[in-house]
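**Student:** Annotated transmembrane segment per TrEMBL: 23-46, 86-111, 131-155, 167-190, in sequence order.
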Amino acid sequence: MSATVHPITRSRLDRTARLAGRSLAYCATLVPVALLALVTAPVGGADAAAARWRRLRTGLLGAPPTPTPDRRPGPVAVLGHGLLSLLLGFVALLPLGVQLLLVLRGMLYGIVDPGPYDHSWGGPTRAGAWLAHFLVGLPMAAAGLAALIGIAAVHQRLTRRLDGERSAAWLLPATLLIAAAGALFFVAWLHQI
């Protein structure tokens, strides 16, 4: 008897995996693209910066393009968007780091840590420690990917504002709350090291 996966479930898994991958790539570009926007917008590059954000949103995230904007964003709007993008980009570095740690300390644990494994999770054997670290990393990786999907979704909504679309009243407070939560998490993490 063979087990078959229902097509709807398989399709949902594929969509979720693609969304997670696109969100990871999108969030990895937030800091450099925001810095570029902050440098170029004051010297006449506001239109190019807004076009760059639009291309990222439609190209990487696969979001539908907005109709031709009624107005072009000015340098102040692009600078504000660049600052908010920089905040979200710095917060995105946290879950991106979790993904990197999963690879280094989970999948490659036996290579990264030469032992002895007497006091390691899953020790005293190398295989047990490796498996334990990998299994502990899986839920953290899932949480990190969920955070990246959320950050990308919030930023996508922010980017629509550059095209003149109205945004929800919660968007700016949520962005600032995400930035504050990320800063608090980072400080707490530094204190536990």
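Placed from the backbone N, Cα and C atoms, the Cβ positions cover glycine too.
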**Student:** Which residues of the same chain, at least 6 past either end of the transmembrane segment (86-111), have a Cβ under 8 Å from a Cβ in it?
**Tutor:** 24, 27-28, 30-31, 34-35, 38, 126-127, 129-130, 133-134, 136-138, 140-141, 143-145, 147-148, 151, 154-155, 158, 175-176, 178-179, 181-183, 185-186
**Student:** Can you tell me which parts of the same chain pack against the transmembrane segment (131-155), counting only residues 6+ beyond its ends and a CB-CB cutoff under 8 A?
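**Tutor:** Tertiary neighbours of the transmembrane segment (131-155) are 19-20, 22-24, 26-27, 30, 61, 85, 88, 91-92, 94-96, 98-99, 101-102, 105-107, 109, 120-122, 171, 174-175, 178.
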